[in-house]
Amino acid sequence: MEYKPKLRRVSTLTGTWVDRSVASGVADDEQDEVLTRRGSWTGRFDFLLSLLGYSVGLGNVWRFPYLCYNNGGGAFLIPFTVMLVIAGLPLMFMELSLAQYAGLGPAVLFKRLSPLLQGLGFGMVLVALVVMLYYNVILAWTLFYMLASFEEPLPWKGCHHAWTSRQCYSYDEESKCLDLNGTYYMRECYANVSLIANFTKVAKKPPAEEFFKNYVLQLSSGIEHTGNVSITLSFCLLAAWLIVFLCLCRGVKSSGKVVYFTALFPYVVLIMLFVRGITLPGSYTGIMYYLEPDWEKLKSAQIWGDAAVQIFFALSPAWGGLLTLASYNKFQNNCYRDAIIVAVTNILTSFFAGFVIFSILGFLAHELDTEVGTVLDQGAGLAFVVFPEMVTKLQMPMFWSVLFFFMLLTLGLDSQFALMETVVTGILDTFPQWRRWKLRVVFGVATVGYLGGLVFITNSGMYWFQLVDKYAANWSVLLIATIECVLVAWVYDSERFIQNIEEMIGRRSKCFAVFWTILWKVVTPATLLFILCFNWIQYKPVSYGKYAYPEWADIVGWIIGLLPMGVVVLTAIYKLIADISEKSLVEKIISLVRPTDEWRAAKVALYHFEYDEPVTEL
């Protein structure tokens, strides 16, 4: 038996093994092999639909309509569109082009683009990791409600349940009591007139709110009272992670096919809900609440700040997702076209979702004989309180409830796919030898995600959810995006970057170069700083309803929020210390901030020879 080292060719671009004879240059079929080993989109529209699903998410349905109503109705579309053009689209186009050109995810991309700022990639992966922990909890809630929607009657209808409090108020039960000439008070119908004078005014809580907080969440009195893990929600969370794992077990090859359904199905449901909504009494009033423009609000900084924040978090640059998805593209893919299509679709979807939501809210306000503003909510309150309460008043409530929550599930899955793929790609790009065990890596990340998500389904889980949601993707993400924009536009140079883009999508006009150069160098960084300052000025400690968080919880939130940026700083310091050359500090910074020799287009792979582990030959 004799041991001989086996000579292999290694791609320094992707880290994958390429066992072929040495050749000068790289042929197209060899490039295809590199893409195949790392993974690439297999269908024509896989990337576009994945990008669309990632960008169009839950925020389009449960946050944009509220912001539009709260910031001058139809007038909000003006600052929203402006911010799309000067902040959202430039960042999206820049990240898609950058990752497609290099064929790398964020963890390795910045190592080669600017070693000093390698931490930008690590920070993005960290943001994706933290967000995916609590984002899948929303899918767990959605699965719970979707399964509960098959019960007849819907379990959150009425106040005569063990989980309701004395403040529970059912309009249906009140109507029945009035028919008996009684007075409905604290879940009871009183016929004795002499008792009515002694009644005191109490807060009214709809059954759907009581169901969500008391039955689904089993909410404790505060974040310091952890309580127990909900067994039911733990199984729902397990099911949510199992779905994500099965869809990502083969990487973009499997997720790229799933998005053909998950990215398009929500539009089918939105259209169905819109058709049903506009036929309901009160829908016109609700839509007018949504659309009626208040032009005076355009003079306020609030409306511009809200529009900037919304478009930034809608397209999710600096989270690593855009870089990850684009890194699996073919080199000649027209990422410019894709960026414009997704950006325009995002704003149109948000606007259309507002019609759907406010037509339904108008109906609910009509049924409750109140103003639309009194039933309006955002975030989880809209999805898990307002809509469940409204659906009990529709014909075929089970059908509409199942349909709505299935739509939320498909909206959330696309975003979760990109978040988890960012983490997995970051690991595999950093440790390319692990690609042979990719299934185990995906399973490991899903397991960590499930275990990390258990804290959000304890009795204090909602408090932790609100805390992490406020801080996880906030200041650090804005700072990372600003640094990334300056790095590409000023250090790497926007003209050089545009030449790289033209290598991929073909020659463009002079106006194209001038337009994007001005945006990347001046307008977009200035807008990002405006968003950052606006967030700092508008900062308020996190709260949930009337509950005020203890000081230690806010400190934990700040640590979570600034940790990704801390990784960037610490990595830069480590790189400077690790450089043992006799250069001055300034010279080291200038040297490390520039691209390395390994920074190349994905179509030009550099190869070197390495000895693999000894192999046995009999």
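Backbone N, Cα and C define each Cβ position, glycine as well.
Nobody curates TrEMBL annotations by hand; they come from automatic prediction.
In sequence order, Ser55, Val56, Asn60, Leu84, Ala314, Leu315 are the residues near Asn346 (Na(+) binding site), counting only same-chain partners six or more apart with C-beta under 8 A. Residues annotated as Na(+) binding site in TrEMBL: Gly53, Val56, Asn60, Asn346, Leu411, Asp414, Ser415.
All protein chains considered, the CB of Cys168 (disulfide bond) has 22 other CB atoms within 10 Å. What TrEMBL lists as disulfide bond is Cys159-Cys168.
Within the same chain, residues 92, 96, 138, 252, 255-257, 259-260, 262-264, 266, 310, 313-316, 321-322, 325-326, 328-329, 333, 338, 341-343, 345-346, 349-351, 353-354, 356-357, 378-380, 382-383, 408, 411-415, 417-418 sit at least 6 positions outside the transmembrane segment (45-64) and bring their C-beta atoms closer than 8 Å to a C-beta of that stretch. Summarising the annotation, TrEMBL assigns transmembrane segment to 45-64 (among others).
The transmembrane segment feature in TrEMBL is assigned to 76-99 (among others). Non-local neighbours of the transmembrane segment (76-99) in the same chain are 51, 55, 67-68, 105-106, 109, 113, 297-298, 303-304, 306-308, 310-312, 314-315, 317-318, 322-327, 329, 335-336, 338-340, 342-343, 346-347, 350-351, 481, 484-485, 488, 497, 500-501, 504, 516, 519-520, 523-524, 527-528, 531; each lies 6+ residues outside the stretch with a CB under 8 Å from one of its CB atoms.
Under the heading transmembrane segment, TrEMBL lists 120-147 (among others). Within its own chain, the transmembrane segment (120-147) has Cβ neighbours under 8 Å at 58, 105-111, 114, 216, 232-233, 236-237, 239-241, 243-244, 318-321, 323, 380, 383-384, 388, 401-402, 405-406, 408-409, 412-413, 415-416, 419-420, 422-423, 426, 449, 452-453, 456-457, 461, 464-465, 468-469, 472-473, 476-477, 480, 483-484, 487, 560, 563-565, 567-568, 571, counting only residues six or more beyond its boundaries.
Through the fold, the transmembrane segment (229-252) approaches residues 39-42, 46, 50, 136-137, 139-141, 143-144, 147, 216-218, 258, 325, 328, 413, 416-417, 420-421, 424, 438-439, 442-443, 446, 449-450, 453-454, 457-459, 461 of its own chain, all at least 6 residues removed from its boundaries and within a Cβ separation under 8 Å. Per TrEMBL, transmembrane segment is recorded for 229-252 (among others).
Marked as transmembrane segment by TrEMBL: 264-287 (among others).
A Cβ distance under 8 Å defines the sequence-distant neighbours of the transmembrane segment (307-328), meaning residues of its chain 6+ beyond its ends; these are 35, 38-41, 47, 50-51, 54-55, 57, 59-60, 63-64, 67, 71, 76, 79-80, 82-84, 87-89, 91-92, 94-100, 102-106, 109, 121, 124-125, 127-128, 131, 252, 335, 342-343, 346, 350, 415, 418-419, 421-422, 425-426, 473, 477-478, 480-481, 484, 527-528, 530-531, 534-535. The transmembrane segment annotation in TrEMBL covers 307-328 (among others).
The transmembrane segment annotation in TrEMBL covers 340-365 (among others).
Per TrEMBL, the feature transmembrane segment maps to 398-420 (among others). Counting only same-chain residues 6+ beyond the ends of the transmembrane segment (398-420), those with a CB under 8 A from a CB of the stretch are 50, 52-54, 56-58, 60-61, 128, 131-132, 135-136, 138-139, 142-143, 145-146, 149-152, 154, 243-244, 247-248, 255, 258-259, 261-263, 265-266, 269-270, 272-273, 276, 316, 319, 321, 324-325, 383, 387-388, 391, 442, 445-446, 449.
Annotation comment: TrEMBL describes 441-465 (among others) as transmembrane segment. Through the fold, the transmembrane segment (441-465) approaches residues 132-134, 136-137, 140, 213, 217-220, 222-230, 233-234, 237-238, 241-242, 244-245, 248-249, 251, 420, 423-424, 427-428, 434, 544, 547, 549, 553 of its own chain, all at least 6 residues removed from its boundaries and within a Cβ separation under 8 Å.
Long-range contacts of the transmembrane segment (471-492) within its own chain (CB-CB distance under 8 A, at least 6 residues past either end) are made by residues 90-91, 94-95, 98, 113-114, 117, 120, 123-124, 127, 130-131, 134, 312-313, 317-319, 517, 520-521, 524-525, 528-529, 531-532, 535-536, 542, 557-558, 560-565, 568, 593-595. Positions annotated as transmembrane segment by TrEMBL: 471-492 (among others).
The transmembrane segment annotation in TrEMBL covers 513-537 (among others).
Residues or ranges marked as transmembrane segment in TrEMBL: 557-578 (among others).
The sparsest Cβ neighbourhood within 10 Å, among the listed recorded positions (Val56, Cys159), is found at Cys159.
Across the structure, Gly53 (Na(+) binding site) and Cys168 (disulfide bond) are spaced 38 Å apart at their Cα atoms. The 10 Å shell around the Cβ of Gly53 (Na(+) binding site) contains 29 further Cβ atoms across the protein chains shown.
Comparing Ser415 (Na(+) binding site) with Cys159 (disulfide bond), their Cα atoms are 36 Å apart once rounded. Using a 10 Å Cβ-Cβ cutoff, Asp414 (Na(+) binding site) registers 25 neighbours. A distance of 31 Å separates the Cα atom of Cys168 (disulfide bond) from that of Leu411 (Na(+) binding site). Across the structure, Leu411 (Na(+) binding site) and Cys159 (disulfide bond) place their CA atoms 31 angstrom apart.
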